[in-house]
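K.L.:
Before I ask anything, here is the structure I am working with.
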Amino acid sequence: MVNVSVNGFGRIGRLVTRIAISRKDINLVAINDPFISTDYAAYMFKYDSTHGRFDGEVSHDKDHIILNGKKVAVFNEKDPAALPWGKLGVDVAIDSTGIFKEMDSANKHIEAGAKKVVITAPSGSAPMYVMGVNEETYTPDQKIVSNASCTTNCLAPLAKVIHNEFGIKEGLMTTVHSMTATQKTVDGPSHKDWRGGRTASGNIIPSSTGAAKAVGKVLPSLQGKLTGMAFRVPTVDVSVVDLTVNLAKETSYDEIKAALKKASEGSMKGILGYTEDDVVSSDFLGDAHSSIVDAAAGIQLTPTFVKLVSWYDNEFGYSTRVVDLVEHVAKSA
């Protein structure tokens, strides 16, 4: 049994909690969020505008949120170093704040007594792991790891299969990405990203993303071969990757589909999905795969030039991988 804590009870923190309490090998011992009281934590956990009502019992007392009869301690510390992770025997602290995403700041959880930390965001300093792609390279001496981003988790499995089978010489990615909490409900100040300050629900907003370049960190053979951008669109959840690649080996679209379908049923089962149906974004709400290939949407121009399309629930699919990585890190200890 792995003792787990969650720091940051936002979109990802709450979904990670839903998934974690459904796993028999995980014991959720605590949640920390400096801005949320236990009654409000219970309310936000119970009701979700996107993923629906929690299918279980939720209540609270002064110091706990009670999930299906199990008491989970709730803390309101701004500084993770002040949390009682040692006293609670925390094996893995999940940091889903989006703030403590570098080695020095995430190390506050180690100072607090946690044995390991999983960051639910890409990191410039912590090693990044994408389940189904490079988790086998994890070594137990690594105390702090990153689960990369939701988009990297969608793109990397797709790129790995294509690169292994046909070779990727270079590629450009566009993610058409649902709104997230960093965006604005109405036009407002956003000094680092002027476009990002525009009304999320009324615009298609071009944005930068490091997700494609990050694939080179989890798949070194693709270092420098991929880059990309994002369009933020007015949907609440589910996003889609459009990957256009120049291949080293001539092939047909049927051969590409066959390779992806084989991977989805074999080595990447549960990580990479595959469909030939005429689907739309809402069909993937609550899908636990990291990436679901839309075989009917892809196109080929020449034997070496192809566009591939793959969907992902950027909240639920990603949160599922966070919990998978926690289990992997704990088992490797």
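Residue 1 is the first one shown; counting continues down the chain.
For all residues, glycine too, the Cβ spot is worked out from N, Cα and C.
As listed in Swiss-Prot for this protein:
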BINDING   Arg11, Ile12, Asp33, Lys78, Asn314  NAD(+) binding site
BINDING   Ser149, Cys150, Thr151, Thr180, Thr209, Gly210, Arg232  D-glyceraldehyde 3-phosphate binding site
ACT_SITE  Cys150  active site, nucleophile
SITE      His177  site 'Activates thiol group during catalysis'
K.L.:
Nearest to Arg232 (D-glyceraldehyde 3-phosphate binding site) in three-dimensional space, by Cα, is which of the recorded positions Arg11, Ile12, Lys78, His177, Asn314?
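P.N.:
Ranked by Cα distance from Arg232 (D-glyceraldehyde 3-phosphate binding site), first place goes to His177.
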K.L.:
Counting Cβ neighbours within 10 Å across all chains shown, tell me which of the binding-site residues Thr180, Thr209 comes out on top.
P.N.:
Thr209
K.L.:
Within a 10 Å radius of its Cβ, which of these binding-site residues (Ile12, Cys150) has the fewest neighbouring Cβ atoms?
P.N.:
Ile12
K.L.:
As a test of the contact definition, list every same-chain residue at least 6 positions from Ser149 (D-glyceraldehyde 3-phosphate binding site) whose Cβ is closer than 8 Å to its Cβ.
P.N.:
Ala121, Pro122, Thr209, Gly210, Ala211, Ala214, Tyr318
K.L.:
Rounded to an integer, what is the Cα-Cα distance in Å between Arg11 (NAD(+) binding site) and Thr180 (D-glyceraldehyde 3-phosphate binding site)?
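P.N.:
Given the Cα positions, Arg11 (NAD(+) binding site) is 9 Å from Thr180 (D-glyceraldehyde 3-phosphate binding site).
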K.L.:
Based on DSSP, name the secondary structure state of Ser149 (D-glyceraldehyde 3-phosphate binding site): helix, strand or coil.
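P.N.:
Once the DSSP labels are grouped into three classes, Ser149 (D-glyceraldehyde 3-phosphate binding site) ends up as coil.
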K.L.:
In terms of DSSP three-state secondary structure, what is the assignment for Asp33 (NAD(+) binding site)?
P.N.:
coil
K.L.:
List the Cα distance (Å, whole number) between His177 (site 'Activates thiol group during catalysis') and Ile12 (NAD(+) binding site).
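P.N.:
Computed Cα spacing between His177 (site 'Activates thiol group during catalysis') and Ile12 (NAD(+) binding site) is 16 Å.
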K.L.:
Out of the binding-site residues listed (Ile12, Asp33, Lys78, Asn314), which are within 10 Å of Thr151 (D-glyceraldehyde 3-phosphate binding site), Cα to Cα?
P.N.:
Asn314
K.L.:
Go through the binding-site residues Asp33, Lys78, Asn314 and tell me which ones have a CA within 10 A of the CA of Cys150 (D-glyceraldehyde 3-phosphate binding site).
P.N.:
Asn314
K.L.:
For Arg11 (NAD(+) binding site), name the DSSP secondary structure in the helix/strand/coil scheme.
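P.N.:
The three-state answer is helix.
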K.L.:
Report the nearest neighbour of Thr180 (D-glyceraldehyde 3-phosphate binding site) in space among the binding-site residues Asp33, Lys78, Asn314, comparing Cα positions.
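P.N.:
Spatially nearest to Thr180 (D-glyceraldehyde 3-phosphate binding site) by Cα position is Asn314.
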K.L.:
Other than Ser149, Cys150, Thr151, Thr180, Thr209, Gly210, Arg232, which residues of the same chain sit close to D-glyceraldehyde 3-phosphate? List them in sequence order, counting a residue when its Cβ is within 8 Å of the Cβ centroid of the site.
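P.N.:
In sequence order, the nearby non-listed residues are Thr175, His177, Ala211, Ala230, Ser239, Asn314.
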